[in-house]
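Novice: I have a structure here, written as structure tokens, and I will follow up with some questions on it.
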Amino acid sequence: MSAPTSGTPEWGKVLIAGGTDWDMIGRKPKPGETREILQVAIDNLTCISVPHLETFHVIREFADLKVIKAITGPNAAHSVFITDDGDAWTMGRNEKGQLGLGDNTPHVGGPVKVPTIYTNAGKKSTNVKFVTGAVGRHHTILVSDTGAVYAAGDNKMGQLGNSNHKDHTSFVHVTSLGKEKATGVACGAEYTMVISDKGQLWAFGSPEFGQLGNKTNGQYLQQSNRLVHIPQASPVLVSGLQGKTIVEVDCGTNHTIARDSDGRVYSWGFGGYGRLGHAKQEDLWSPMPIDQFTGTNALTRATKIAAGSTFSMALDGQRQLWLWGKWKTTGDGGGGTPWMYPRTLYDLNGWAFKTINGGGVTLFALPVTEPCTIAWGQGALHCELGFGEGEARSATKPDKVRPMEGLTMLDVSCGLGHTLLLCKPGQEKIQDLPKWPVLDVEEHCIECLSAEDEDNMLLCDKCDSGTHLSCTVPRLQEVPDIDWFCQSCTRAKEKNRTKQLDDDSKPATGAAAGAGTKAPAKRKAPAAKGGSKKSKANPASDEEDSE
Ligand SMILES: [Zn+2]
Ligand SMILES: [Zn+2]
């Protein structure tokens, strides 16, 4: 067994805003099909109609877990989460089996724990602890603490890297990387980039615009006189980076950016709208350093990079944000006048950020000092900016996400139509956030079944059900300061844990996920919005109940 990597990563509470109708996100009706017809088709498929989350909600399933990574991507309507004990959980669109749950059927609602992973030969693997991952349009990549890579989902373009084109509905070890140990990973729409512990960059998947960086777009003329691009199904080394130590990589739809240990930023792949930052719209088939980040002054070098679908971002040595490409639909920065090379945004003058992320149309930045979240993006129709109920879905300039003011975030990840925030735990305001998926909550105490004495009920931080303080087991004398979970949630977690220990002999079915998703129940009232969780400790709630 390998020793854990340096230090324990910080964990946080996972928040989500935006579209949760996974099969609808980013879908446009076909010619002759109205949006309503498409919606009915999807409803029939999933038997449920799911609203957009206009404000950030706490993901209920993670209430009693420590999540260290919450990951989605600009092309993805799915997500992957890693807990502090190395488990992977997945959530979202699953048409190609990208959730790695052993099927390709729709999974509505919240995250499910990945029940089983496999060796390349199809045997079950045990004791694999994941540390990070990445998601493409229909594929998911996981990296273990020993540097092993696992892949699930669509493999038409070879984006799973295991030297064939078979889709996988479960995570399978990618052995084609040989002895290379992965330390980081990123996914474009249909390709994958892996950083090795030697600081090298490996690529596989669609080469169509040169995004693999191996000096080709894989194009050749078929006998039928059609141009086709040969999928790259096994890892190739990205060329032109010899002698450089790559420490970070990120992908848009069809372009790649990477940062070396000296803070230089390289870009390659699809060059439309200036997203490569070289003042040209040409595609590049191998990495080229971006001038802005090659200066001799260390403060002008990059310390963090992020790619959105059609744009790129970086933070410099002073944590100032630089942006290039098409990051809007209209006006300056839009399709007509994209930013052809890195520029700063006037509205962010004086701001220093700890991290940045880009999605399908959204851009998020987390300030170093101030406890707030900054976001913008034009036409974020699924409410993935999370500005709040009835608020704008579109922002052409950076703005604070008002409902999140006062909260310190650790990380952010932007999807095609949803956004994930990792929120520093222990902040009181988290208890006021609504939870998702919404559940019907019993009015009575779940221990004595009496609905009397409501003011003395303690609400479970996972399922929201009430227990009289005097009915708690073990008996509590006063309202605890920390998260509290009801007997039934505590037992479910315990059961799940023991089950996992002796479960390795059972076949992999979705059921093995145990306390995984509950499909969102019939919507009643929005969950506990504005209310205080502990009515006794805080009887004067200054907000009326909202229906
Ligand atoms: Zn009771
Ligand atoms: Zn509970």
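Quick reminder: no glycine exception, Cβ is built from N, Cα and C everywhere.
Copying in the features that TrEMBL gives for the protein in this structure:
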{"type": "REPEAT", "residues": "86-146", "note": "repeat 'RCC1'"}
{"type": "REPEAT", "residues": "147-198", "note": "repeat 'RCC1'"}
{"type": "REPEAT", "residues": "199-262", "note": "repeat 'RCC1'"}
{"type": "REPEAT", "residues": "263-318", "note": "repeat 'RCC1'"}
{"type": "REPEAT", "residues": "371-425", "note": "repeat 'RCC1'"}
{"type": "DOMAIN", "residues": "442-492", "note": "domain 'PHD-type'"}
{"type": "REGION", "residues": "496-547", "note": "region 'Disordered'"}
{"type": "COMPBIAS", "residues": "496-506", "note": "compositional bias 'Basic and acidic residues'"}
{"type": "COMPBIAS", "residues": "507-519", "note": "compositional bias 'Low complexity'"}
{"type": "COMPBIAS", "residues": "520-536", "note": "compositional bias 'Basic residues'"}
Novice: Helix, strand, coil: count each for the residues of the domain 'PHD-type' (442-492), based on DSSP.
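Specialist: Each residue of the domain 'PHD-type' (442-492) counted once, the result is 12 helix, 7 strand, 32 coil.
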Novice: Just to confirm my parser: what is the rounded mean pLDDT across the repeat 'RCC1' (147-198)?
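Specialist: Summarising the repeat 'RCC1' (147-198) by its mean pLDDT gives 97.
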Novice: Could you give the number of helix, strand and coil residues in the repeat 'RCC1' (199-262) as assigned by DSSP?
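Specialist: Result for the repeat 'RCC1' (199-262), in helix, strand, coil order: 0 helix, 29 strand, 35 coil.
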